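Colleague: TrEMBL lists these features:
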type     : residues : note
TRANSMEM : 12-37    : transmembrane segment
TRANSMEM : 81-101   : transmembrane segment
TRANSMEM : 113-137  : transmembrane segment
TRANSMEM : 181-205  : transmembrane segment
TRANSMEM : 237-263  : transmembrane segment
TRANSMEM : 269-287  : transmembrane segment
TRANSMEM : 299-317  : transmembrane segment
TRANSMEM : 323-344  : transmembrane segment
TRANSMEM : 365-388  : transmembrane segment
TRANSMEM : 408-429  : transmembrane segment
Amino acid sequence: MSRKRLTFWNKLCYAIGGAPYQITGSALGFFLQIFLLDVAQLDPFYASIILFVGRAWDAITDPTVGFLVSRSRSTRIGRMMPWILCSAPFAVATYFLIWFVPPFEQGKVVWYLVFYCLFQSMQTCFHVPYSALTMFISTDQTERDSATAYRMTIEVLGTVLGTAIQGQIVGGTNDCPFPWMTYMISTGVICIIYLLCTLVLFLGVKERKESKRYRGQLLTFRRGLYMVMSHEPYIKLVIGFLFTSLAFMLLEGNFALFLTYTLGHRKDYQNILLVIMLSGTLTIPLWQWFLTRFGKKKAVYFGMTWAVPFMILIVSIKSKLIISYLVSVAAGVSVAAAFLLPWSMLPDVVDDFKVKNPGVHGHEALFYSFFVFFVKFASGVSLGISTLSLKFAGYETGACLQPEAVSLTLKTLVSLVPVVLIFIGLLILKTYPIDEKRRQDNQKLLQEMLDSDTDSESSALGSNV
């Protein structure tokens, strides 16, 4: 049976659909903490509550939305696409209000907490079905890997765009603290891009129809949760990347503060962040070649450990702008690996589950939603711990200079702790059981199953005629 290949435009439009998540995510990851502390001028304790509760709520909504998506009926435009289209306008509206400074002091904490949680909910309704869409654009693992590489390239480019828009507009002023109107301008630009990317995804991607034989055979939430969480490769993959994700999120969440207050690069921090993201974008094709040539597990080992020497170097030497730029170029290589590899390996786990459970269907969104749940949980923990650590170190809201204890805390949060977390994650991923041979065997078995289903449906159609 000949398999229909995805065109370049199919892959590109699919990839562009992932940009809104990363554009808003990078803006929030790099700048929300410093916005709440220095622009909204919230106490670090309240800022930590907002960041942690918002992420915790976001994590909780992922399995819920994943289950609802898995139970959704297929429509004329598919099962995933209606969720994406309906959630996008609400995500844009709530994102805009996150960066607005309300004209009152009482209730300001509630304002940011409510709109941060609402945005995360809408973003979940967009991103969970978009992530699961990977399994519905093609049945060919090679095509899905290729589409994932396109997606990761655009998503890293999305982080570049988010960092550039927010950083260059906000960083274009030397005022201390930064004026909040610059945040509103950058937010407006990001909201427009969000809607345009959603439109491109809808127009350029056709969701593959499910086999008629499998429609209606869906998992209950309890059974789905049990089966997903009892699948050994999935658990090891999730826990391993939970630690590595926590490492890079600690780095992301505190790097702007580290550059501003520890290294003294207040005028250049937005450019350094931009260089990291550009470096990551340019090296995505390198990692796609590497994992194809040497396997995904080796790519994980090389990709994650590459950042370690530079995390140590940036806090060990005397602050020099040129060194900071060189380190940012090297760090971007690992950022690319951290973006690409988890999403490239997750479809292998889903395929492995299909081979072992051929009678179970409607599970794809559950795998992706629980994976996103753990990643976002790590993000919430990292942001909460970071902001509380700064409070205990004596961080002064709105000040242009910070105590030495804050500088030491920031060094720990962007170097020592991430390095330890990376090595713990790699030790867990070493036990991940799906190697290249098992992956290829699974792909052959799945193709045989698909060919058998297609032949059965064709025979049934012929007999009806």
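Yeah, the Cβs are placed from backbone N, Cα and C, and that goes for glycine too.
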Colleague: Should anything in the same chain at least six residues away from the transmembrane segment (12-37) have a Cβ under 8 Å from its Cβ atoms, list it; otherwise answer none.
Modeller: 6, 44, 47, 50-51, 84, 88, 91, 95, 98-99, 112, 119, 123, 126-127, 130, 133, 137, 147, 150-163, 165-167, 170, 183, 186-187, 190, 193-194, 197-198, 200-201, 203-205, 249, 252-257, 260, 273, 277, 379, 383, 386-387, 395, 397-398
Colleague: Counting a contact as 3 or more Cβ pairs under 8 Å, with residues at least 6 apart in sequence, do the transmembrane segment (408-429) and the transmembrane segment (269-287) touch?
Modeller: no
Colleague: Which range out of 81-101, 237-263, 269-287, 365-388 gives the transmembrane segment (323-344) the most CB pairs under 8 Å?
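Modeller: Ranking 81-101, 237-263, 269-287, 365-388 by Cβ pairs under 8 Å to the transmembrane segment (323-344) puts 269-287 first.
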Colleague: By Cβ distance under 8 Å, which residues at least 6 away from the ends of the transmembrane segment (365-388) in the same chain are close to it?
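Modeller: Residues 29, 33, 37, 44-45, 47-49, 51-56, 58-60, 62-63, 65-67, 69-70, 80, 120, 124, 127-129, 131-132, 134, 219, 224-225, 228-229, 234, 238-239, 241-243, 245-246, 249-250, 253-254, 342, 346, 349-350, 353, 413 contact the transmembrane segment (365-388) from elsewhere in the chain.
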